[in-house]
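Peer 1: Below is one structure. I have some questions about it.
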Amino acid sequence: MTFRQAITNAAAELAANPHLSEHAHRDAELLLLHTLQISRVTLIAYPDRDLSPAQDALYQIAIRRRIQFEPIQYITGEQEFYGLRLHVTPAVLIPRPETEHLVEAVLKLLPTDRGVKLVDIGTGSGAIAIALAVHLPLATITAVDLSLDALAIAEQNAREHNVANRIQFLPSDLLAAVESHGKTFDAIVSNPPYIPTSDSLTLHPQVREHEPAAALFAGETGLDLYRRLIPEALGALKPNGILALEIGHGQQQSLTRLLAGWNDVTFLNDLQQIPRVALARKPNPFDPNR
Ligand code: GLN
C-alpha cells in the first residue's frame, strides 16, 4: 500500500464519523507523517512509496486511537503554542490558541529589561510559563501544578526550550507551597480550570473523555478556582503587581465582582469576540470597599 492510498483509506474511515473531525484528510495525513517520522515535503515528493507491513500496522493503531476520539495531539505527542513546540500527554491539557492572548497581554505589561518575578498557577504542559520565559529573558518564574505528571512534562518542555534554569517547578495547590511572604511577585498568571461541572455533557467527547478533568472543571459555577486564587494572589503580589487570568464563556461579570477593589480591571476578547482574559493590578494600599 502506498503512502497516498493509506491516507485516502484512513481519511475515509475517519470521515465516516461526522462528529470526529471536519478535517479527516488532514488528520489522516498528519498521523501518517507522525507514524513514519517523515516531513510533509517527503510525502509530497514520494506519494507512491510503499509502507512496510510494520509501518502499516503502526499507522492502523494511530487511526484506531483517533477513531476513539483521542485528540491528535495526544497521539503525536505534541502541540504548538506561541510558536513553541511542546510535548503533551493525557496528563496535561492541550494548550489552546486562546491562551496565547493571555501570554501576549502579559508580555505587553511587563518590562524586558528588568528581572521580574512571576508565577504560573496550574502550569500543565508549561505552555504559559515557558512562552513568558522565552520572551522575558531576565524573568524568573515559579510554575506550580497539583499534578506531578504534568510538572514532569512541563520541566521537559522547559529544558528543550532552554529556559529550565529560570523556571522553578513546584507541586502546589495554588500558592500554598510558594514562598510569598515578601509580596514579591510582579505578576501572577493562570489559565485555571473554569468549566462548570454541569456543562460536562456539552463538551466534545474528544475533550471530555481524554483531557484531564482536573484541568477542565471548577465546581458548579466554574468559579471555584478564581474564588480561592484571587485572594491568594493579592497576598503574594507586589503593590501594582499584575494578575492575568484566562476566563470562560460568560464569566466576565462574575470576575468583575471577584476583582472588586483591584485596579485597572480589563477584559480582552479572543478571536471569537468572547471575553477571554481578565487583567487587574493590585492597588496599594488595598481597599476592598473602594
Ligand atoms: N496552563 C496550561 C495551559 O494554559 C494548563 C491549563 C489547565 O490545565 N487548565 O495550557
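The backbone N, Cα and C atoms fix where each Cβ goes, and this holds for glycine too.
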Peer 1: If I go by TrEMBL, which of Asn162, Asn165, Asn191 binds S-adenosyl-L-methionine at the same site as Gly122, Thr123, Gly124, Ser125, Gly126, Asp145?
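Peer 2: Record source TrEMBL; matching candidate: Asn191.
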Peer 1: Check the binding-site residues Gly122, Asp145, Pro193, Tyr194 for any whose Cβ is under 6 angstroms from an atom of ligand 1, and report them in sequence order.
Peer 2: Gly122, Pro193
Peer 1: Excluding Asn191, Pro192, Pro193, Tyr194, please set out which residues of the same chain place their CB within 8 Å of the center of the CB atoms of the substrate site, keeping sequence order.
Peer 2: Gly122, Ser190, Ile195, Ala215, Leu216, Ala218, Leu225, Leu245, Glu246, Gly248
Peer 1: Max Cα distance spanning Gly122, Thr123, Gly124, Ser125, Gly126, Asp145, Asn191 (S-adenosyl-L-methionine binders), Å?
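Peer 2: Spelled out: the longest distance between any two Cα atoms in Gly122, Thr123, Gly124, Ser125, Gly126, Asp145, Asn191 is 12 Å.
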